[in-house]
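Structure, as C-alpha cells:
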Amino acid sequence: MLLIVGLGNPGIEYEKTRHNIGWWVLDLLRTKLTGLNLRLLCYSRVYELKHELKKEVDFIVYPLTYMNNSGKAVKCLYEPRMDLVVIHDDLDLTVGKTRVRFGGSSAGHKGVSSIIDALGTDSFWRVKVGIGRPFSKQEVINYVLGEPQKNEKEVLIRAADYIADQLCLLITDRNFSRFQQNINSFNSNENN
C-alpha cells in the first residue's frame, strides 16, 4: 500500500503558494486517476484508490493540520506495511529541480520534521520540489507563503505534472528505483 502525502496548508489564501507545491502535485495526480473515493479522516482529505486485482488500497492524502503539524495526520493514517511518500517544497533546490530520497534529516523543513517526530523514524520517501531561496533570510516566511512569479509558476507546474506522471507509474508497478531515477534526472527547464 502506498500512502502518498502532499504537504501544504489548507485554505484558499495558501493554495497558490510555493509552500503548497505538495498539494499542487496531488491535484494533478488526481486528474490522471479514476475511481478515487474521498473520505475525511485523520485530520485529512483522503482519496482512496482501490486495486481490485491486487486487493490493495492506496491513499492520496492532503493533511488539514497545517504544514508544521503534518505528523499528526500522517501518524493517524500510517501503518508499518505502507510505503510512505511525502511530497514537499525545498528551499535548497533551484526552482523546479526535483529530487527523491529515502530517509535522512528534515533539512529544516518543519512539515517533514513533524512527520519524523510523530512516526519516530525518518525511513520514508521524500519527493522534493525546488522553490529556490529568497534574497534575504528574513524573507523566508513571506517567500514560501507567497505566490511564485509567472515564469516560476510555469516551471513549478511542469515539475509537479512530471512528478504526478511518475506517481501514476509508481502506483502501477511499485518500482521505487525507477521512480527515484526518473525524478532525479528530470529538468523542468527543458522539454522532457
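Every residue, even glycine, has its Cβ placed from backbone N, Cα and C.
Residues or ranges marked as active site, proton acceptor by Swiss-Prot on the basis of sequence analysis: H19. H19 (active site, proton acceptor) counts 22 other C-beta atoms within 10 Å of its own C-beta, drawing on all protein chains shown.
Neighbour list (Y66 (tRNA binding site), Cβ cut-off 8 Å, at least 6 residues apart, same chain): N9, P10. Here Swiss-Prot flags Y14, Y66, N68 as tRNA binding site.
Summarising the annotation, Swiss-Prot assigns site 'Discriminates between blocked and unblocked aminoacyl-tRNA' to N9. The local packing around N9 (site 'Discriminates between blocked and unblocked aminoacyl-tRNA'), expressed as other Cβ atoms within 10 Å of its Cβ over all shown chains, amounts to 22.
Annotation comment: Swiss-Prot describes D89 as site 'Stabilizes the basic form of H active site to accept a proton', evidence class sequence analysis. Around D89 (site 'Stabilizes the basic form of H active site to accept a proton'), taking its Cβ as the centre, 24 other Cβ atoms fall within 10 Å, counting all chains.
Reported as a whole number, the C-alpha separation between H19 (active site, proton acceptor) and D89 (site 'Stabilizes the basic form of H active site to accept a proton') equals 6 Å. The Cβ of Y14 (tRNA binding site) has 16 neighbouring Cβ atoms from other residues within 10 Å, across all protein chains displayed.
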